[in-house]
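J.: Input: one structure, supplied below.
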Amino acid sequence: MGPSVRPGFLVVVIGLQFVAASMEVNSRKFEPMVAFICNKPAMHRVPSGWVPDDDPAKSCVKQPEEILEYCKKLYPDHDITNVLQASYKVTIPNWCGFNVTHCHKHGNHTVRPFRCLVGPFQSEALLVPEHCIFDHYHDPRVCNEFDQCNETAMSKCSARGMTTQSFAMLWPCQEPGHFSGVEFVCCPKVSLIPESTEAPKSSPPTPAKTENGLDDYTAYLKGDSKYMSKYANEHERFKAAEKVMQQFQRERDTKMMKDWKAARDSVREKKKTDPKKAMELNKELTERYQKIYHAYEQESIAEKKQLVNTHQQHIQSWLNNRKQVLMEKLQDALLAKPPKKSKIEKAATAYIKVEEKDKMHTYNHFQHLRDTDPEDAANIQDRVLEHLNLIDDRIRRVLDWLKRDPEIEKQVRPNIDKFMAKYKDINANSMKLLLRQEPTPKEAPVETQKAEDYSEEDEAAVTGTANKVKPTEARPEQQEDIKTPGFDSETFEDERPAIAEQTIHDLPNHRKKGYIAHVQQQPMIADEVSLDNLYANSHANSVLGIAIGGVVVFIIIVVAVVMLKRRTQRQRVTHGFVEVDPAASPEERHVANMQMSGYENPTYKYFEMQNQ
């Protein structure tokens, strides 16, 4: 009988384990909520749905303090710290009145429930669509409720001529249900690019598409699940999407330049027969392609910002999810009976480690933004500091949780402090760089020369590089030795090589490592449209070099001729000595000495006169 019963017992055990695992997964996704409609039972959320409360006193609760106490009463196993009205609405079925069990006809009600927040407050990650902007408003002196924060976000977007896409609370106050800031996403009411702007007739080639019909760039922006599983981590997904975006922009700009050069060639031919008409056509051509160029320029900037914002959102979402999981593990370890020191220490250090990763990512992103777009970096510097302060506050709250059990705190706190000491110097150096004020670059004067052919002037007019591009002094970048901890297997990506590579590509003056020069132009388009100017400058430099070389050679020849002529005219100096044949007789030597003294032999003189 024993062997026949054992398989059935194993099936029951495995089934119970499966049910327990399913309940654990569902509890991870479960978020406590309550909803109220006056004269109807209060509803609270459970993993299986919504459950009514027959207590009439809880039917019409409105004050945040009362709602917080109600949440703590309904969910005693959760650490409820605050309440927040949801930014979305939910439909609750079968919401009947008191003493009514079924009301199918009029039982569905759509309300905005209240979220019972568990653990430390964390602001939501907002999606930033294309051509939209993300901003925030924070006044620590004022604490507002949900509706007032909503009005603040709408007024801020309305002041920009935009509409509010979404918003979320930024920082909680001491009073439940009140917050001292709001973050929001504003979107334009109309399209960014005017419809009247003419674009090239033929569209640029389409990048290669994935198996589901989307290219890497589009799939990345849409968050396609199949695309997400194609790459190992977020860094690879971002680089693949960026590569496709840059390819698309290059092909689009190259096509525009080809069309423009073809139109310029037609104007040159027209100039031979009708110069006046050619001038008019050239002016019209310049204005038209100037609009196209600036439209493409703005579109490229918007696409790059959208890609970077999506990348930041993915990373922040990963970090927030990881924090939530580790926070729940820490809470479970603290509430365990009896609490285990090893689990508490492991959960606390893991959570602090993720928070420190969030810090390092924020530092790296801000430094990259400061190198590529100083103006945008200056605009978000205050928000970056607030984000870092929020991280520090959450870490302090986790450490305060340990104080609930002094014995456990005494055992695990030294190891946690030792672990946090690894990041102390890193945070200090990073904060020093973050608060560093960038000096204003000195602008150097730009000398321009008027070209004889108006087509080259039109090129500068279209691209806007004739007067807008102002070279600045290249200065060595003040690099500080910041030792960053190694990225372990839990890390989603190591962004530092990507940031360095992106900085080099984005800044046209980054030719050598350690130098920064800000140039006020769109590098990719401006480099392509200035090919004619580069060729003209190269030709002029070649002619000038040949002329200078010819003059130098001519001077060398003249000097050589003069020196040679002077040398041939130089007389031989004997200094009173005459070379005498060593084999001569003493008489011949005596005669030679007499001749050297001025004596002339009469016999020789006689014969010389006879020969003449």
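Each Cβ is built from the backbone N, Cα and C atoms, and glycine gets one as well.
From Swiss-Prot, here are the annotated features:
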- 1-21: signal peptide (SIGNAL)
- 22-542: topological domain 'Extracellular' (TOPO_DOM)
- 28-122: region 'GFLD subdomain' (REGION)
- CYS38-CYS60: disulfide bond (DISULFID)
- CYS71-CYS116: disulfide bond (DISULFID)
- CYS96-CYS103: disulfide bond (DISULFID)
- CYS132-CYS187: disulfide bond (DISULFID)
- CYS143-CYS173: disulfide bond (DISULFID)
- CYS157-CYS186: disulfide bond (DISULFID)
- 251-276: region 'Disordered' (REGION)
- 437-490: region 'Disordered' (REGION)
- 543-563: transmembrane segment (TRANSMEM)
- 564-612: topological domain 'Cytoplasmic' (TOPO_DOM)
- 599-604: motif 'YENPXY motif' (MOTIF)
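Thinking about packing and proximity, how do these listed features fit into the structure?
T.: Mean pLDDT, taken over the topological domain 'Extracellular' (22-542), works out to 73 on the 0 to 100 scale.
Broken down by DSSP into helix, strand and coil, the region 'GFLD subdomain' (28-122) contains 16 helix, 30 strand, 49 coil.
The Cβ of CYS38 (disulfide bond) lies under 8 Å from the Cβ of SER59, CYS60, each on the same chain and at least six residues away in sequence.
In sequence order, ASN94, TRP95, CYS96, GLY97 are the residues of the chain that are 6 or more apart from CYS103 (disulfide bond) and have a CB within less than 8 Å of its CB.
Secondary structure from DSSP puts CYS132 (disulfide bond) in coil. Sequence-distant neighbours of CYS132 (disulfide bond) (same chain, six or more apart, CB under 8 Å from its CB) are MET162, GLN165, VAL185, CYS186, CYS187, PRO188, listed in sequence order.
In the three-state DSSP classification, CYS143 (disulfide bond) falls within coil. Neighbour density for CYS143 (disulfide bond): within 10 A of its CB lie 18 other CB atoms from the protein chains shown.
DSSP assigns CYS157 (disulfide bond) to a helical segment in the three-state reduction.
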J.: Cα distance, CYS116 (disulfide bond) to CYS157 (disulfide bond), nearest Å?
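T.: Approximately 29 Å lies between the Cα of CYS157 (disulfide bond) and that of CYS116 (disulfide bond).
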J.: Apart from its near flanks, which chain residues at least 6 from the ends of the transmembrane segment (543-563) lie with a Cβ under 8 angstroms of it?
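T.: No residues contact the transmembrane segment (543-563) from elsewhere in the chain.
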J.: For the C-alpha pair, I'd like the distance in angstrom between CYS116 (disulfide bond) and CYS173 (disulfide bond), rounded off.
T.: 16
J.: Taking every protein chain shown into account, which of the disulfide-bonded residues CYS116, CYS173 has the largest tally of Cβ atoms within 10 Å of its Cβ?
T.: CYS116
